[in-house]
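Everything below concerns the one structure shown next.
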Amino acid sequence: MSPGPRLVVLDEADAVADHAAAHIVGKLAPKPDLVLGLPTGETPRGIYARLAGAYRTGEVSFARASSFNLDEYQGLPPDHPASYHAYMREMLFRYVDIDPARTHLPDGLASDATAEGRRYEKAIAEAGGIGLMVLGIGGNGHIGFNEPGSPFDSRTRAVRLTEATREANRRSFPEGETVPEFAITMGIATILEAREILLVATGPIKAEALAAALTGPETLRCPASVLRRHPAVTIVCDTAAAAGIRLRA
Ligand code: F6R
């Protein structure tokens, strides 16, 4: 039996970003060819800023690292400002020495999403699998874009986003543009194959999902609840995101 996720609760979002970035640097510095799984969204912004800082000060190099992002919207070209390709360039890749050829995201423009899913899985396997998977969590408990109901044995594939997820992500889109209905995401099985997982959550909006993930039943209704099966999960969150856990515990 795995001992379950290790939970680190810190006072505020800045401390969470400090801790998560230090965790990543602590894994990458001794293993420069680490394969990272990476999220986008609001939560990791501060982490990426700190990783860029750690590169600037010579604490860490990404020159031999590889990265695989969790997801991308279907139908968005890589230069669309709300695409996750653009997000990663703007938040991290342009500031560090990572080889662009070793940065990977699902192709949102692939005409055959099933083939694209297979290609992505093969690329992950050929890189030796993901060493450290960094995750956020949706207010509905999603990980990657594996929305509630996603099978635990799912692989990289096209998925329909829930209205709640599209609404939460609307702020990243230019005024008047609609949030795509579909995305390509790593599957839950893909995520669980990572050797280590670091989940980061901040703010009261994550409290219910985090409590359900950690203290509720393991259920498809809360995809993050499956993480309790994994032997090496660290969850770093602020007190606001941890509030529900305390109430239930
Ligand atoms: C993004 C991703 C999502 C986000 C989650 C939280 O690549 O896979 O699971 O991590 O929706 O997003 P934020 O951080 O914007 O609250």
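Our numbering is plain: 1 for the first residue shown, then up by one each step along the chain.
Each Cβ is built from the backbone N, Cα and C atoms, and glycine gets one as well.
The feature domain 'Glucosamine/galactosamine-6-phosphate isomerase' is assigned by TrEMBL to 13-229.
Among the features that TrEMBL reports, active site, proton acceptor is placed at ASP71 (among others). There are 23 other CB atoms within 10 A of the CB of ASP71 (active site, proton acceptor), with all protein chains counted.
In the three-state DSSP classification, ASN140 (active site, for ring-opening step) falls within coil. Annotation comment: TrEMBL describes ASN140 (among others) as active site, for ring-opening step.
The feature active site, proton acceptor is assigned by TrEMBL to HIS142 (among others). Taking a C-beta cut-off of under 8 angstroms and a sequence separation of 6 or more, HIS142 (active site, proton acceptor) has the following same-chain neighbours: PRO148, SER150, THR162, THR165, PRO223, ALA224.
According to TrEMBL, the feature active site, for ring-opening step maps to GLU147 (among others). Reduced to three states, the DSSP call for GLU147 (active site, for ring-opening step) is coil. There are 21 other Cβ atoms within 10 Å of the Cβ belonging to GLU147 (active site, for ring-opening step).
Within the same chain, residues at least six positions away from ASN140 (active site, for ring-opening step) with a Cβ under 8 Å of its Cβ are GLU147, PRO148, THR162, ALA164, THR165, ALA209.
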